[in-house]
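What Swiss-Prot lists as domain 'CN hydrolase' is 13-260. Taken from Swiss-Prot, the feature active site, proton acceptor applies to E59, supported by sequence analysis. Annotation comment: Swiss-Prot describes K134 as active site, proton donor, evidence class sequence analysis. Feature annotation from Swiss-Prot assigns active site, nucleophile to C166; the stated evidence is sequence analysis.
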Amino acid sequence: MRHGDISSSNDTVGVAVVNYKMPRLHTKAEVLDNARKIADIIKGMKVGLPGMDLVVFPEYSTMGIMYDNDEMMETAATIPGDETAIFSAACREANTWGVFSLTGERHEDHPNKAPYNTLVLINNEGEIVQKYRKCIPWCPIEGWYPGDTTYVTEGPKGMKISLIICDDGNYPEIWRDCAMKGAELIVRCQGYMYPAKEQQIMMAKSMAWANNCYVAVANASGFDGVYSYFGHSAIIGFDGRTLGECGEEDMGVQYAQLSVSQIRDARANDQSQNHLFKLLHRGYTGVHNSGDGDKGVADCPFEFYRTWVMDAQKAQENVEAMTRKTVGTAECPVGELPFDGKEKTAGA
């Protein structure tokens, strides 16, 4: 894995991430005009970065945030649809793969249910090869219907890719799920705003380290009249070190080459920091020295995860016992979310 050149090789996947300025749009026509702008950017980037195999745009980059619910429902897209047709044509022309945001994608029961927050991975032939729906929307603000699974797709030069979105990335479980399914590159598209800049930079680096995987983050920049977005799109190596990171500038681009062979060699041969292997071979040195086998312990020692899988309702009740029972809070109501008349007070 390396940074600083504009090339790539048979062993390296050239990945670019974009600090796309958050648009403020209201109509389908405006959305399609913006999609064409993104398509033109892709074709220009390929001229400057001839090794680019994959380009990643942030969450909300195509449609912006529709703060008006009627506009959100009216502009909700189908997949495939007009927006993806524009992106597919650009990927074919530029001979590159791309990750694009659709906020939102129409629910199967549209317009009776809220849309999904969706990413698509499109290959260099213009085919949609992965569609991921955000599993953990940013409540209480985001009103998206949650998705229910992650995916892994063989990407350019055989690199295995998973997609996650923004607030998903605050939960270590989703990173681990992608990595344990075989993901070598986890792409996190986000429309993250201040104040949580340092936390998000730290989270991406920590999850690359913890999951022995590459991470590509594309984040929005600018101000949309409601939120200010901090950019810092970045590409991170599987050892948790940043290869390249934008600042807060609008339309900043970072680029790095991610080696396919290096990550596979590390996962096969690293020992003390091979977190994926060691999690399912716990204590193998001591177990071997004790004459109890050569594989360590595979059983899950974490009661929370066992409860969640076997009895999700019980797990929910357990977390409510230490937090609260309603989704809203009386001291800072948001929208029409329900809340009790009084929350726990400090020390209660």
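Quick reminder: no glycine exception, Cβ is built from N, Cα and C everywhere.
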Sequence gap of 6 or more, C-beta under 8 Å: which same-chain residues meet both conditions with respect to the residue listed as 'active site, nucleophile'?
E59, K134, W138, R188, C189, Q190, G191, Y192
Around E59 (active site, proton acceptor), how many other CB atoms lie within 10 A of its CB?
30
Students should find that the Cβ of the residue listed as 'active site, proton donor' has, within 10 Å, a number of other Cβ atoms equal to 27
